[in-house]
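For reference, the structure I am asking about is given below.
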Ligand SMILES: C[S@@+](CC[C@H](N)C(=O)[O-])C[C@H]1O[C@@H](n2cnc3c(N)ncnc32)[C@H](O)[C@@H]1O
């Protein structure tokens, strides 16, 4: 194994530090720009290699001590060794680099990253794989980076604090109840994953147990609920019968209480079902939602807003008072069901949802005055781009969790007549390399 000294130049996608040894590009997990590190080369290709830190010879001034004892073992976060302010700057650099290399933009109107006041206890969803050891003890936690090895975690400083009692209690109950835990190698056993979802706004918690085969009883649900009877509003069994890395399956059974919890964003109330997507950081999505509302106030009242990839209807409902009609498009049937309920409970009857693939549904829609795009990590597809070219919405708000695909799509939008007015990063995922962005595109020459 080759060992060498390396100066770390910058952070790159996936959260690794990067430096050069001659022409060889070397990626080093847990390194920080400015570090001089001694590394061992773990894997080498023609032009690049991966190294592992053996010693930090000169620590970067951006370094700090990780606050979680599991940090270097657990794959949940990657950046706890960087002080928080510097994390925000480095996330900005990641976006700048992606836009520069992929979209060829070097005068990007990139704003500072909006950070959290207290970047702890923000995750409103925790998904824990489980394993039973030979001595019958249950372990639950997170996968070590790039492996299926579960690191047993008693307490995570990033989850909502109100999850802790339910998690500790669930560990004891599942151990005592002798529930069989799914073993993916042997394809044997039943319980695959324990998920908690909840809101610090409404103080509700929903427990979701993912199983390989339908198995769970109301008695078990009641025992789990006892971990925090005041807050737990429902226990749901989600059946995932496939041999897959995807956590949730498609069938839900309510074992106790209701199959959803309530969340509140800027005075609107949202039903969020067991498996429906919702942003994991409520304080930060509220900040982004406020920015979106400020933009709509400036644009004033329009005829039609289309919210593509609408989830449970967050941006659709925020848009409701600023347009004669709003159309949301979402592929997940349970999320669309939640979205229609959200229209009802917020009494915003000018909003409708179309269930299906945005690639198929968008071409059927009338021209929007404002188009919201909030796609999954892979970004938008060719038919969505065709729809934009055919209808030329004057404003596009693009919310992205993946700078490289945002950059790819930005290049296409610019080639098709759009300018970026600004791009604002939001730190939805402190202590990880992930970053969310809010980008405003305007059509050159207006309507
Ligand atoms: C990043 S989430 C955004 C959800 C919503 N805008 C919000 O802020 O809560 C992306 C959403 O797109 C949905 N989705 C994924 N692929 C899709 C597709 N091809 N067509 C329509 N919706 C899709 C997912 O189910 C998910 O709800």
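Keep in mind that glycine also has a Cβ here, set from the backbone N, Cα and C atoms.
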May I ask you to find which of 330, 347, 355, 359 TrEMBL records for the S-adenosyl-L-methionine site already listed with 279, 309, 374?
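It is 330, as the record lists it for that site.
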For S-adenosyl-L-methionine, what surrounds 279, 309, 330, 374 with a Cβ no more than 8 Å from their Cβ centroid?
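Apart from 279, 309, 330, 374, the close residues are 277, 307, 310, 311, 314, 315, 375, 399.
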Whole-number Å only: compute the distance from the Cα of residue 309 (S-adenosyl-L-methionine binding site) to the Cα of residue 401 (active site).
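For residue 309 (S-adenosyl-L-methionine binding site) versus residue 401 (active site), the Cα atoms are 13 Å apart.
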When you tally the Cβ atoms that lie within 10 Å of each candidate's Cβ, which of the recorded positions (309, 330, 374, 401) has the highest tally?
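Counting every other Cβ within 10 Å of each candidate, the maximum falls on 330.
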Count the other Cβ atoms sitting within 10 Å of the Cβ of residue 279 (S-adenosyl-L-methionine binding site), across every protein chain shown.
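A 10 Å sphere around the Cβ of residue 279 (S-adenosyl-L-methionine binding site) contains 22 other Cβ atoms.
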Where does residue 330 (S-adenosyl-L-methionine binding site) sit in DSSP terms: helix, strand, or coil?
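Going by the DSSP assignment, residue 330 (S-adenosyl-L-methionine binding site) falls within a strand, counted as strand.
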